[in-house]
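The block underneath contains the structure these notes are about, expressed in structure tokens.
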């Protein structure tokens, strides 16, 4: 005898899922952080990083309480992209050349937008489903949570350190990196470690953008062929 489906959840109940509430808290933390970014760097860094940590917590909560939702996944990604974008815009104002950070912003947005769109075209439930990819690094990134977490944390830590080190609005990026990497300190170790993970993340973004663009192009070709 077939098992009857449970009661249909209301729209409000989905909005009030525990992981989604954590998502709203992340938004508030980021808004507060950027409001304070030029007046209290320490508090900004704490609030921003705590919001970033909550990104892992909401995913755990979604699985723990069986409250995985499309809205939650979109809220999570949008919050990630906007918070990183805002931090890159801030860095573009305090470092020269600022175009470096704006280029990283463009790559991040384009890569994830194309990946999400190609995911819907292929009818997949998650943009992290890359089992059919032929690129080993791309598969390793999305297939290993620890590796992906290292790369993502490296990016955020590096950007936060750079913001903390900026003393005025005309800092030269390479000079700041060289000076601090030459020092023997915990900060220099953090920068070096973060740079490696950051570099891998940018390579992944490029691979992701090209792979997703290929999916969109192949979809167009198949559609034309069927006409």
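Backbone N, Cα and C define each Cβ position, glycine as well.
Automatic prediction, not curation, is the source of TrEMBL annotations.
Quick look at what TrEMBL lists:
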type     : residues : note
TRANSMEM : 12-36    : transmembrane segment
TRANSMEM : 42-61    : transmembrane segment
TRANSMEM : 101-121  : transmembrane segment
TRANSMEM : 142-164  : transmembrane segment
TRANSMEM : 184-200  : transmembrane segment
Surrounding residues of the transmembrane segment (184-200) on its own chain - C-beta under 8 Å, 6+ positions past either end:
137, 141, 150-151, 153-155, 157-158, 161, 177
What parts of the chain pack near the transmembrane segment (142-164), using Cβ distances under 8 Å and only residues at least 6 beyond its ends?
37, 41, 44-45, 48-49, 52, 56, 84, 87-88, 90-91, 94-95, 128-131, 173, 176, 187, 190-191, 193-198, 200-201, 204
